[in-house]
Amino acid sequence: MSVEDSIISIDSLQDQGINAGDINKLKSAGICSITSVLSTTRRNLTKIKGLSEIKVEKIKEAAGKIKKYGFLPATIVAESRTKVFHITTGSKQFDEILGGGIQSMSITEVFGEFRCGKTQLCHTLCVAAQLPTDMGGGEGRVAYIDTEGTFRPDRIRSIAERYGVDADICLENISYARALNSEHQIELVEQLGNELAEGTFRLLIVDSIMACFRVDYSGRGELNERQQKLNQHLSNLTRVAEDYNIAVFLTNQVQSDPGASALFAAADGRKPVGGHVLAHASATRILLRKGRGEERVAKLQDSPNMPEKECVYVIGEGGIKDTD
């Protein structure tokens, strides 16, 4: 079954007696699949203009008839996991420690200091996600949310040349947005629903996840509000990954903390920003750091199915690759 086949369109609610006007209201809020309806709380659905509690209850009931969303035999869960795919990082050693590459249906986070390859990895994945599956790709499009203005089309062209693909087509398949602030960043993810429901996207990149939040919420007095907003944002990203079977890839910054625990910090005491909220949302967590000379080191710190391990990679004209 293809990814497109696994997404049940929200338009199927019409067969259950829900009128087209109410369906369009859901779409305008970025809710474009039956799974999205089921995973959105009644409270949040009633916040959509024009949807009363009675209407929301009918919509929930109709969605529940189309797709069962309670206890299921584990065999069905196992079957759904067969749809998971991996996108190559460009390095065989890097892919190996990840169990095949960047995984769909979950969030992968990389964090590290300046010039360790976070954005270069994003650019490599933009091309890799479009490659055929036999080349480690996802044969699909990419959504790219840039919070720091570091996206460079010229890098995409260089990486496309490495893989022998048309650079213009590659760029055409990348849906790019520059996030202006944390509110805009949240809205961009919410607006993606209509495009993702088409089933042609394989990867969503946010580079970087915390940059706008750190600017908009700067003092300790605003930390609680920041973490609440971040939690909601990450919940939406998790839902996107699971509902549309795409890989969500986040880059993150680091900060110094000499008293940080080994779980969250690197050997030099630096830890990723975002706290426990981000740590729990990321299924896979990777630390990137500088190695000897031009070498970079990737350490898998947290994964639901792979042990802690590290590898060495380099950044070349064609993106991330193995050392010679």
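Cβ coordinates come from backbone N, Cα and C, glycine included.
Features of the protein shown, as given by Swiss-Prot:
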type    : residues                                                       : note
BINDING : GLY112, GLU113, PHE114, ARG115, CYS116, GLY117, LYS118, THR119 : ATP binding site
BINDING : ARG214, ARG220, ARG226                                         : dsDNA binding site
BINDING : ARG214, TYR217, ARG220, ARG226, ARG296                         : ssDNA binding site
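Structure with Swiss-Prot features highlighted.
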{"residue": "GLY112", "record": "ATP binding site", "contacts (Cβ under 8 Å, 6+ apart)": "LYS118, VAL254, LEU287, LEU288, ARG289"}
{"residue": "GLU113", "record": "ATP binding site", "contacts (Cβ under 8 Å, 6+ apart)": "VAL254, ARG270, ARG289, LYS290"}
{"residue": "PHE114", "record": "ATP binding site", "contacts (Cβ under 8 Å, 6+ apart)": "none"}
{"residue": "ARG115", "record": "ATP binding site", "contacts (Cβ under 8 Å, 6+ apart)": "LYS290"}
{"residue": "CYS116", "record": "ATP binding site", "contacts (Cβ under 8 Å, 6+ apart)": "LEU288, ARG289, LYS290, ARG296"}
{"residue": "GLY117", "record": "ATP binding site", "contacts (Cβ under 8 Å, 6+ apart)": "LEU288, ARG296, TYR313, ILE315, ILE320"}
{"residue": "ARG214", "record": "dsDNA binding site", "contacts (Cβ under 8 Å, 6+ apart)": "GLN253, VAL273"}
{"residue": "TYR217", "record": "ssDNA binding site", "contacts (Cβ under 8 Å, 6+ apart)": "SER182, LEU223, GLU225, ARG226, LYS229"}
{"residue": "ARG220", "record": "dsDNA binding site", "contacts (Cβ under 8 Å, 6+ apart)": "none"}
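Sequence-distant contacts (6 or more apart, same chain, Cβ under 8 Å) of THR119 (ATP binding site) comprise THR150, PHE151, ASP207, THR251.
DSSP assigns GLY112 (ATP binding site) to a strand in the three-state reduction. Within 8 Å of the centroid of the Cβ atoms of GLY112, GLU113, PHE114, ARG115, CYS116, GLY117, LYS118, THR119, where the record puts ATP, the same chain has further Cβ atoms from GLN120, LEU288, LYS290, ARG296.
Largest Cα-to-Cα span within the ssDNA-binding set ARG214, TYR217, ARG220, ARG226, ARG296: 34 Å. Under the three-state DSSP scheme, LYS118 (ATP binding site) falls in the helix class. According to DSSP, ARG226 (dsDNA binding site) is assigned to a helical segment.
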